Amino acid sequence: MASTIPIVTLLIVMLSCHAANAQLSPNFYASSCPNLQTIVRNAMSRAVNRETRIGASILRLFFHDCFVNGCDGSILLDDTATFTGEKNAVPNRNLARGFEVIDTIKTNVEAACSATVSCADILALAARDGVALLGGPTWQVPLGRRDARTASQSAANNQIPSPFANLATLTSSFAAKGLSTRDLTALSGGHTIGLARCTTFRGRIYNDTNIDANFAATRRANCPASGGDNNLAPLDIQTPTRFDNDYFRNLVARRGLLHSDQELFNGGSQDALVRTYSNNPATFSADFAAAMVRMGNISPLTGTQGEIRRNCRVVN
């Protein structure tokens, strides 16, 4: 009997380490809101049919939510006279979009299952569905997150990775959230869809030397050295509305749009993985899906923490 004690102790330690994640389950709403996934998927399908870009916008919202105090729906909260949210933090101001789609999904979910499903979980499901609807992988989303009653503009300013960051900074930003360099590179592949503002890539196309000359010239045509800050360009020049591995092919060809993108293929630790993803879309898809689940597990509020918001824009 005594010989089993170390094993039991080890089990307890292991279980306690995974307690937060263990409370998330793909079946969390199986009885309380059985049609949840269908409701979210149908709304996302309509939204993507209206505007393909919205899949990338929702994916970005989820990423920016999870990197600020965990995946708790805090990015969805509006500023008020007495509350400062995250929407006007530098990484989100004039960039974060898709809030109306989340509002629509929340309204539909509330009609079916009142005061049951968190905005944080709706965002996690919507991000998955946006990727899948654009040709990307799908995955089981662990559920059971609750919504934050607080937000942090300062954390959003300091913790969301910058498009101007180098590889060392990106690596440490992801490590601080418990994510590996493989997760970093896989999740960066989300830039196979979506658009970026001129202000985020101007330095890259005018100052960086590790850039294809023709690609730089093409981008300069719509992003002058001064002015045109809000002019848009696709993050993936080849298939900007299809979720595939062309992002990594672009990096190998030195056609990454953001400085932070090209840092993943610039003579550093991620070059080999970028080449692998550029040649093997199945490996990228599998790694991306697994990394999305890991990112979705960052510091969730569970149990009696937080609340289930009735309106994703305001605390109850």
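The backbone N, Cα and C atoms fix where each Cβ goes, and this holds for glycine too.
Candidates considered were Cys119, Cys198, Cys223; the recorded disulfide partner of Cys312 in TrEMBL is Cys119. Sequence-distant neighbours of Cys223 (disulfide bond) (same chain, six or more apart, CB under 8 Å from its CB) are Cys198, Phe201, Arg202, Ile205, Asn231, Ala233, listed in sequence order.
Under a cutoff of 8 A between CB atoms, and with a sequence separation of 6+ in the same chain, the neighbours of Cys66 (disulfide bond) are Lys177, Met295, Gly296, Ile298. Same-chain residues with CB within 8 A of the center of the Thr192, Asp236, Thr239, Asp244 CB atoms, the Ca(2+) 2 site residues themselves not counted, are Ile193, Gln238, Pro240, Arg242, Phe243, Asn245, Asp246, Tyr247. Each of the disulfide-bonded residues Cys33, Cys71, Cys113 was ranked by the number of other C-beta atoms within 10 Å, and first place falls to Cys71.
A C-beta separation below 8 Å, combined with a sequence spacing of at least six in one chain, links Asp65 (Ca(2+) 1 binding site) to Cys71, Asp72, Gly73, Ser74, Ile75, Leu76, Ala120, Leu123. Taking the centroid of the Cβ atoms of Asp65, Val68, Gly70, Asp72, Ser74, Glu86 as the Ca(2+) 1 site, the other same-chain residues with Cβ within 8 Å of it are His64, Cys66, Phe67, Asn69, Cys71, Gly73, Ile75, Ala148, Ala151, Ser152, Ala155, Ala156. Across all of the domain 'Plant heme peroxidase family profile' (23-316), the predicted model scores a mean pLDDT of 97.
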